[in-house]
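Over in TrEMBL, the protein carries these features:
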type	residues	note
REGION	1-34	region 'Disordered'
COMPBIAS	1-18	compositional bias 'Basic and acidic residues'
TRANSMEM	121-142	transmembrane segment
TRANSMEM	162-183	transmembrane segment
TRANSMEM	195-218	transmembrane segment
TRANSMEM	303-326	transmembrane segment
TRANSMEM	338-361	transmembrane segment
TRANSMEM	412-431	transmembrane segment
ACT_SITE	His436	active site
TRANSMEM	438-462	transmembrane segment
TRANSMEM	474-495	transmembrane segment
Amino acid sequence: MEPRAARLRKGEGPRGEQEDQCSGGGNTEKDRGLDLVQWTRHMEAVKTQLLEQAQGQLRELLDRAMQEAVQAYPPQGRPLPSIPPDSLNKAREPSLGKQKIFIIRKSLLDELMEVQHFRTIYHMFIAGLCIFIISTLAIDFIDEGRLMLEFDLLIFSFGQLPLALMTWVPMFLSTLLVPYQALRLWARPRAGGAWLLGVGLGGLLLAAHTAVLWVLPIHVALKYQLPPASRCILVFEQVRFLMKSYSFLREAVPGTLCARRGEAMRAPSFSSYLYFLFCPTLIYRETYPRTPYVRWNYVAKNFAQALGCILYACFILGRLCVPVFANMSREPFSTRALVLSIMHATLPGIFMLLLIFFAFLHCWLNAFAEMLRFGDRMFYRDWWNSTSFSNYYRTWNVVVHDWLYSYVYQDGLWLLGGRARGAAMLGVFLVSAVVHEYIFCFVLGFFYPVMLMLFLVIGGLLNFMMHDQHTGPAWNVLMWTLLFLGQGIQVSLYCQEWYARRHCPLPQTTFWGLVTPRSWSCHT
């Protein structure tokens, strides 16, 4: 006798029992099929997420391994260095003689944008811009009875833009011709008085070039009272040309000085120097890794996103900052009002920080990199994951960090000795803080050392206090909290000083009147 279950599977047994079994089995199989489909989709989603995370971590690990392998490659004729057991624990420590290695790689945000969850965050920022536009239209319609976007702040900020662009032309021509010609003079054969004459003439040309880059934009900005955005263009180009000129000479001159007496050194090609002036890096190399073609739709997209960020910033300033700070200097000073203004400015301040990062370090630099087929797009790293300010300073702006590390930190170690790491790091902070304060002073038109104090004093202390050994999520929360407060302090104090200098002009111009904060005494 076969078991009952076996006979039922063969279709044997009573008709009614067979029909009930078939009906119940069909529903069970259907439910199991649906559960299996859902489980399969869930496992596919988990697999995709794990692969994306593993791919990003593996790419970062391989990039770091490739850089360290290239940097550790010994000169010809020297044996391979031995690796001590604890070297892996010190892999992140900068070493004397370490050089920037360029490889083909995408920007981190471009990689993250391939993930749907991260694209949703990007869409949320676009939705915020739409809300600002709708709010502006609604307020104008209610107050004025018309639908019209006001761009007064944008028009004011970029006033006299043609004059700023005309001033840029002689600055560019000086940078294009003078450093390269000075190098050619120094690259002549080292024999007789002709070489000494060339050295002196090259030095005079570089002195004149430096004077042009320093004096011309300051003269134009003060004489014609350029507004902030036009000043911003001039000061950024001024600093960029100075840093690129120094990098070109710093990388090329040692070869000239090491040439044997009576021999001429082959100077770098002019085309490589011209390419360096436009490519998005401050470290000169005669050749860079290049991509095979240009994606013009990618270029247009990045320029459009940069323009959108500018509009976004204008809406934030116009809606969240101007109504609060425009008349603040007319009210009596109180600690309560100051604290409230700083807290109010934290949100627009962090928005401005994110917009500057995305517009310049991602969109603008990637657009020029794509047009020039520049392969290395690591203009920043994952600074938002930082658990220490030392890591934040290294990853926020990799382009500037590479220049400071190569020509301030490493050269400082070479001059002071390999053990003077603290003094070299202090020199990096000092140079960076002074340049940042100079940029703020140039753009805003007044001296108010908020950035200098935050960057050099508070930032320097946090750099040593919040070091890389702190890796927990609480430290990332603390870093973001301090960033919010720092941006709020900057926006609040600079906005108060801006309006105080317009409400309380000096009866006569004096040195102390120019360097003393007007917001401390202006209460009209």
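Cβ coordinates come from backbone N, Cα and C, glycine included.
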> Where else in the chain does the transmembrane segment (412-431) make close Cβ contacts, counting only residues six or more beyond its ends and a cut-off under 8 Å?
Replying inline: 96, 404-405, 455-456, 459-460, 463
>> Is it the case that the transmembrane segment (303-326) and the transmembrane segment (438-462) touch, counting contact as three or more CB pairs under 8 Å in which the residues of each pair are 6 or more positions apart?
In response: no
> What residues, ordered by sequence, lie under 8 A Cβ-to-Cβ from the residue listed as 'active site' and sit at least six positions away in the same chain?
Replying inline: Met451, Leu452, Phe455
>> Under 8 Å between C-beta atoms and at least six residues away from its ends: which parts of the chain pack against the transmembrane segment (474-495)?
In response: 321, 324-325, 328, 338, 341-346, 348-350, 352-353, 385-389, 392, 440, 444, 448, 450-451, 454, 458, 462, 466, 519
> Who are the long-range neighbours of the transmembrane segment (438-462) in its own chain, taking Cβ under 8 Å and residues 6 or more past its ends?
Replying inline: 217-218, 221, 225, 228, 231-232, 234-236, 239, 389, 393, 426, 429-430, 432, 482, 486, 489-490, 493-494, 497-498, 501, 514-515, 517-518
> Is the transmembrane segment (338-361) packed against any residues at least 6 beyond its ends, judged by a Cβ distance under 8 Å, and which are they?
Replying inline: 109, 305-306, 309-310, 312-313, 316-317, 320-321, 324-325, 328, 379-380, 396-397, 399, 483-492, 495-496
